[in-house]
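Everything on this sheet refers to the single structure shown next.
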Amino acid sequence: MFESLKDRVSKANGGEIPFEDQIDGVRKKIETLSDNKKMEGDLVFMTTYMASAMTANVSRPELFEYTARRHEYISTKYIRRVVDFVNQWHYSYSEGLTMVGERVENPMLRNMFNRFANAIDSGVPDGEFLAMELNTARSMYRNTFEQGFEMLKKWGDAYIALLFSSMLVAIIIMISVAIYAPSGIDSALNTSYALVLLTAGFGVGLMYKAVPVDEKTLDRSMNGWCSREQAMIRRLQTPVLAITAVAALLLLLMGVNTGMVFLLIGLLFAPIGIIAYVDNYNVVMRDEDFPAFIRGVGSIMEGKGTTVVEAIREIDRKSLVTLEPLINSVYTKLNLGLDEALVWEKFIGDCGTNLIAKYMNIFRDSVALGGAPGVIGKIVGSSMLSQVLLRRKRDMVATGFIVLLIPMHIAMIGIFLTLYEVLHTMSEAIESVMSTLGESGAALSGSGSVAGSMTGSMNLFVNFPEDKMVPYVMTISLMITVANIFAGKIVMGGDRYMYFFLSAVLFTLTGLLVLIVPPLISSFFQIPQFGAV
């Protein structure tokens, strides 16, 4: 059998892999950054679960055991460490929380563990503490979220200003090359590439750090099911990406206009992009309907002492526009006597939303433990409603940014291409005029007359390096397009499938501009030709 690449590299370097420690350090930093961004939301999920479970008057060991089993929350891996300290090393829960809290890097989780340990030492009932802690977690999440999209407003404007500044430098370099046509222009062009790349990366990075995390779609590790739109995207994305890559490469090798390549990429991504946009809209609307649904089901179950099937039958499903077809499907399957757990798993998958998946599991687990359905429904519904309302505020900011981003993208690419075409047309016209002057032009340029000065000035636009400027213009346009795709996705949020939607829009616009601007400029910008003197 062939040895793995890792084993071969390790053997060749004396049992060590080059840069392994550095790579692990970078990976851990990225994981820590990602975990810290998600921690506020996960604390709301975890405290909601624990507060709901306490309505069943479970014991403290049961509370920690049940919470530790919820692998979908990042924060519960630290609860599992507490359980290990208690079960294997016979520490108290207060001591376990304190020791784990000292090793936690996230300050919010560390403070929460310390408060829980102090409450246990002080004799505060777990249910009372968790009810207060849930309000604290919601308030901290709301504060962090609101701070995030307030910063997003500032950084969105800053990103556009930075990108315009880098484009201005690129335009200045292009004009300088057109006027002087220096022999060594590669360093200037490379400087422009680096400036645009660093500026775009800096702006995108700052927005990523400022934007609060709001995972909309369901993680497949939680549930094997998914919504119809998500299933279509997963079937289509691999062949579409492969076809797009091969087609774009072939067109470039054939020397086809780069605008056609951009347009092809946008059109090939468009079907998946449209499906992704529809799925994102459905996810948002289902999340907005769910708090009313879960509160109603819980209240009916507790008030009338009925099962969940009877509660679904009596609830007003017509007011739940986007959830009604899925709820009707659940009601039919439960009436047929199908396995309740599988029916709800299918419902969660068909919804395809992260919030419904987590809060539905919290409701079902807590009711199964013997908790009061009405109280649990209110706890779960209130937590989810607070997150849904915050998402609405973010969507307002995101919509404003996208509405500004698309015209800004058209303006930047359009201005850049227009200036290039103007300079290129002017250079060709001047070269044509200079070639018709012949020996008379040479004599004039050698004299000290006004004509000689004019001829010398015209020589500035001769020898325009078209072979280097065309790749330069296309590369800058590609860099701006990709940067705007990342910026738009970060602001909009949602699943990674939204990259297809933004790529379809921006690549299509870029391709159309590359194809339309040259003939448009040629028709409006014409320099008259002169005969020989």
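Just so you know, the numbers here start at 1 and follow the chain as drawn.
Note that Cβ sites are derived from N, Cα and C of the backbone, with glycine treated the same way.
Sequence annotations record features per position, and here TrEMBL assigns transmembrane segment to 159-181 (among others). Through the fold, the transmembrane segment (159-181) approaches residues 188-189, 191-192, 195-196, 199-200, 202-204, 206-207, 404-405, 408, 412, 415-416, 419-420, 423-424, 426-427, 460-465, 468-469, 472-473, 476, 480, 483-484, 487 of its own chain, all at least 6 residues removed from its boundaries and within a Cβ separation under 8 Å.
Residues annotated as transmembrane segment in TrEMBL: 193-211 (among others). Non-local neighbours of the transmembrane segment (193-211) in the same chain are 148-149, 151-152, 155-156, 158-159, 162-163, 165-167, 169-170, 475-476, 479-480, 482-483, 486-487, 490-491, 493; each lies 6+ residues outside the stretch with a CB under 8 Å from one of its CB atoms.
Per TrEMBL, the feature transmembrane segment maps to 232-254 (among others). Beyond the transmembrane segment (232-254), the same-chain residues lying 6 or more positions past its ends with a Cβ under 8 Å from any Cβ of the stretch are 226, 260-261, 264-265, 268-269, 271-272, 275-276, 279, 497, 500.
The feature transmembrane segment is assigned by TrEMBL to 260-278 (among others). Long-range contacts of the transmembrane segment (260-278) within its own chain (CB-CB distance under 8 A, at least 6 residues past either end) are made by residues 229, 232-233, 236-237, 240, 243-244, 247-248, 251-252, 477-478, 481, 494-495, 497-498, 500-512, 514-515.
Annotation comment: TrEMBL describes 396-420 (among others) as transmembrane segment.
According to TrEMBL, the transmembrane segment annotation covers 469-487 (among others). Counting same-chain residues at least six beyond the ends of the transmembrane segment (469-487), those with a Cβ under 8 angstroms from any Cβ of the stretch are 159, 163, 167, 170, 174, 177-178, 189, 192-193, 196-197, 200-201, 203-204, 207, 258, 262, 405, 409, 412-413, 416-417, 420, 424, 499, 502-503, 506-507, 510, 514.
Only residues 6 or more beyond the boundaries of the transmembrane segment (499-521), in the same chain, are considered here, and those with a CB under 8 A from a CB of the stretch are 233, 237, 257-267, 269-270, 272-274, 276-277, 280, 406, 409-410, 413-414, 417-418, 421-422, 425, 474, 477-478, 481, 484-485, 488-489, 492. Among the features that TrEMBL reports, transmembrane segment is placed at 499-521 (among others).
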